[in-house]
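> TrEMBL lists 5-21, 67-90, 96-118, 125-147, 183-212, 218-238, 250-269, 299-316 with the feature transmembrane segment. Here TrEMBL flags 21-74, 78-262 as domain 'NADH:quinone oxidoreductase/Mrp antiporter transmembrane'.
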Amino acid sequence: MPSMWYFMFMYLISFIVVMSSEDWFMVWLGLEINMMSFLILIYKRYDIKMIESCMKYFFIQSLGSALMMSILYLDWVMIGGLCLLILSYKVGAGPFFYWFPSVCGGLDWLSCYMLMFFQKFLPLGLIYMFIHWFVWILVLVGLLVGVLGSFNQSNIKELLAYSSIHHLGWIMLIMMKGNLSWMLYLLMYGLVLFSIIHVLILNNIIYFYMMYKCKNKIWFILGMLSMAGMPPLLGFFLKWMALMNIMNLGLMYVVMLVLVSVIMLYIYIRMIYDVIMGSSMKSLWIDKGLILYGKEGDMLGMMGLFLGLFFMIYIVM
């Protein structure tokens, strides 16, 4: 459909406009183009839940854009705390998380992936410019909300949404070091997320009770373990990299982050246990369970799960 290619082009252009602009009005304009083209790309006319999620996302982002325009008009751009709060609101970080799981719950899997991964690049890139002491509050709230919201989730979309909020906390934590390691974290998180969502798309699964029909349970389980930070998978390397970046901040912070990670790991393992017990162990390994799960996504899926092994070998050597 030609119009879809046009809006895909506009979506890509919005990234270039924001990243290359020195004028704040052009940055604001690029964010608006990004929002509108994203909504048009994911919109499905006959899906009520999709329409509801699109409307929620539109109103949330419109309010954030109006606040940003007010700051531009009043020439308060240099007040980093205000800009940081608005951008955190737009990305769903910290105390402004409330809209994110609800919007993700009504989208299809591909749209969820775009929202959890691609739609984070621009706001996080701008947040990086406004490193402020207030980031600590966003980090702590994001980590705690991600953990508490993940308890007893039956909807996998909402579980991954809370996991995304949790990982946003880790990304902002790395930002406080003032280097670009957060971009590497985000890219690797995207690979891990892809390895999970690709399985769910192929098997048309939304809730955990639907896992009985999954032909690739072993890959789903490995993906969830990687997302939880189980060594030696890629997710463990992400959190290890974050801890190395903030080691000089003090032992108390490191211990607190390790405890949060252990709790998150427990939540994921408990859910994985339910998935395994819901089907015989035999079914994990047959019915194409160990066959690579898609012609297009094989390489990315494998990288998303096992790239951590290569990093660990490199570190040891």
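A Cβ is built for glycine as well, from the same backbone N, Cα and C atoms used for every other residue.
Describe each of these features in terms of where it is and what it packs against.
Long-range contacts of the transmembrane segment (5-21) within the same chain: residues 27, 29-31, 33-34, 36-38, 40-41, 121-122, 125-126, each at least 6 residues beyond the stretch ends and with a Cβ under 8 Å from a Cβ of the stretch.
Remote same-chain partners of the transmembrane segment (96-118), defined as residues 6 or more beyond its termini with a Cβ less than 8 Å from a stretch Cβ, comprise 38, 41-42, 44, 47, 49-50, 52-53, 56-57, 60, 88-89, 141-142, 145, 149, 155, 157-158, 160-162, 164-165, 186, 189-190, 193-194, 197, 200-201.
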